[in-house]
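Listed features, source Swiss-Prot:
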DOMAIN    4-218  domain 'ABC transporter'
BINDING   Gly36, Arg37, Ser38, Gly39, Gly40, Gly41, Lys42, Thr43  ATP binding site
Amino acid sequence: MGAVTVRGLRRAFGSHVVLDQLDLTIAESEFVALVGRSGGGKTTLLRTLAGLDPVAEGSVEVPALRSVVFQEPRLLPWRRVWQNVALGLPRSRGRDEATKALAEVGLADHARAWPLTLSGGEAQRVALARALVREPELLLLDEPFGALDALTRIHMHALVRQLHERHRPAVLLVTHDVDEALELADRVIVLRDGRLDEQIETRELFDDRRDPRFEQARARLLGLLGVTDTHVADPTATPSSAATAP
């Protein structure tokens with residue numbers, strides 16, 4: 001059985017149907033990226049899987065242990081960094097586990113810092129530590145790198161890959177960034193007109209973006225999203241800008 005099983009999910013806001021009889025399965029430890037146009041229902045789906053939005057129609061099966069990382073880190077400014085990570089953990093082991101989680105994301109020396117002293121990338125690493133300290137079976141990422149600069153995004157991508165390999169949760173990443181989706185995910189899905197329109201099994205296609213099939217998959221995804229791409233990639237270069245859906 002998969003970590004996530006969704007059948008016939010429908011969600012509408014007034015007369016606007018956002019999710020239309022949507023079906024989705026995510027296997028245990030699988031990393032799935034979801035791309036689509038703005039307002040197309042990506043975040044609505046993620047919030048439903050997180051239990052933040054109700055299931056009005058259809059069925060949703062998800063693990064009890066799940067965590068969410070949003071674009072904004074949402075740290076409590078009046079609590080120290082380690083206390084933000086330890087929120088909800090038993091007091092007897094909260095500090096030790098928070099410290100270990102911070103070490104995993106390279107912030108062991110920031111445990112007693114205040115959130116307002118952190119850079120954007122550091123704050124998002126704290127949010128990742130907070131999400132993973134509970135060892136979730138499902139990790140939901142809602143455009144977690146969208147507010148970061150290009151260099152910080154590259155570092156965060158590497159960190160997320162390492163953490164996924166170490167902890168092995170199932171992951172759903174919502175993103176507008178096609179390159180990001182292709183580089184991180186085992187499978188990239190396009191959400192269009194409220195349904196999962198098409199998917200690309202990236203793990204079977206290439207190991208890194210220097211493979212020519214990366215550009216082929218990239219062009220295909222951008223075409224599905226209605227984006228005209230004039231970019232010609234240097235396969236030896238690390239991207240400094242993102243190809244994003246409108």
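Backbone N, Cα and C atoms are what each Cβ position is placed from, and that goes for glycine too.
On the structure: features taken from Swiss-Prot.
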residue	record	CB count, 10 Å
Gly36	ATP binding site	23
Arg37	ATP binding site	17
Ser38	ATP binding site	10
Gly39	ATP binding site	10
Gly40	ATP binding site	20
Gly41	ATP binding site	25
Lys42	ATP binding site	25
Thr43	ATP binding site	19
